[in-house]
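Undergrad: Dropping the structure in here first, questions after.
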Amino acid sequence: MVNISILGGGSMAEALTAGWVRSGKVPSGNILASNRSNDLRLKELEETYGIKTSRSPEKIYDHGDIFILACKPKDWQKALAPFKNFLNPDTPLVSVMAGVTINSMEDFFPETQVPVMRTIPNTSAVVNASMTPYAAGKWVTADQKTSINHLFQLVGDTAEVPEQSMDAMTALTGTGPAYIYYLMESMELAAEEIGIDKKLARHLVSQTLLGAGLRVQENDLSPSILYQQIMSPGGTTEAGFKVLKEQGMQDIMINCIHRAFERSKELGGSETNALAFNKNHL
Ligand SMILES: NC(=O)C1=CN([C@@H]2O[C@H](COP(=O)(O)OP(=O)(O)OC[C@H]3O[C@@H](n4cnc5c(N)ncnc54)[C@H](O)[C@@H]3O)[C@@H](O)[C@H]2O)C=CC1
Ligand SMILES: O=C(O)[C@@H]1CCC=N1
């Protein structure tokens, strides 16, 4: 199994670490995480997952067969700078960042053909149920693509997509779990208001969401057919849906995903990155 160096020690770095360790296929010692400045956070990751941590560019470089770029989009040039002269065609760089294009990362290494993969996992990697769309840059070999795909299959499912759709993927599946959690929070609040115990409500809501997700995955029926199957004329579902439609729930969700899509493009915009790069180098 490959050795993984992660540039970043935040939510996404932890979700991937947790999923890889939990898969039983990546020994925890194969993972090394880093961050900008928080020693306590690195200690916490070491103690929780048994992984290595370091902020020394030499150690990070010596450890990694592949590099995962898991810092915020505004920080990536600064995080990669110490490795600018070291990464090479044998050390794939795997970005999990929203927005940042493969081209801009490839261009960061003008002298070397660094293989760059752009992925967008989600935090369900913790329970090995991420959806991870990915696109490969021009220097990624077939073997490298296979092994990186395998790595992300260990934390859920994957799909290769054209790079042009990565911002859409970010809006839909990278961000997606947050929309679902917000929906769950709303259902729990309503549950309490109609007299359901808080703890029981969590169990009821999560099992309901899980069942609905599995049902969509395991047959060819559209969500629309599936909700119509639940809706009896004059019944409770129809009464509830009347409120959802009157209040424009579908438009709200569509607008939400459009806005996230635009934001992903903004985050990768050359202007944003140039500003961040200049600021970081003042
Ligand atoms: N949180 C999520 O659900 C998802 C996040 N992403 C992407 O993952 C990336 C990270 O997001 P989060 O983990 O949520 O952010 P975060 O803020 O929790 O973590 C960012 C990490 O990067 C580190 N960092 C910053 N500058 C650094 C440097 N120069 N060298 C090394 N490490 C450095 C920070 O110290 C921190 O540990 C973002 O680009 C985001 O777009 C993608 C999909 C889902
Ligand atoms: O909110 C964000 O920008 C990141 C990218 C996808 C999910 N979280």
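Heads up, the Cβ atoms here are built off N, Cα and C, so glycines get one too.
Automatic prediction, not curation, is the source of TrEMBL annotations.
TrEMBL feature annotations, pasted as is:
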- 4-99: domain 'Pyrroline-5-carboxylate reductase catalytic N-terminal' (DOMAIN)
- LEU7, GLY8, GLY9, GLY10, SER11, MET12, ALA70, CYS71, LYS72, PRO73: NADP(+) binding site (BINDING)
- 163-267: domain 'Pyrroline-5-carboxylate reductase dimerisation' (DOMAIN)
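Quick one: how deep are these features, and who are their neighbours?
TA: Across the domain 'Pyrroline-5-carboxylate reductase catalytic N-terminal' (4-99), DSSP assigns 45 helix, 18 strand, 33 coil.
Around SER11 (NADP(+) binding site), a 10 Å sphere centred on its CB holds 11 further CB atoms from the protein chains shown.
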Undergrad: When the pLDDT values for the domain 'Pyrroline-5-carboxylate reductase dimerisation' (163-267) are averaged, what is the result?
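TA: Value for the domain 'Pyrroline-5-carboxylate reductase dimerisation' (163-267), mean pLDDT as a whole number: 97.
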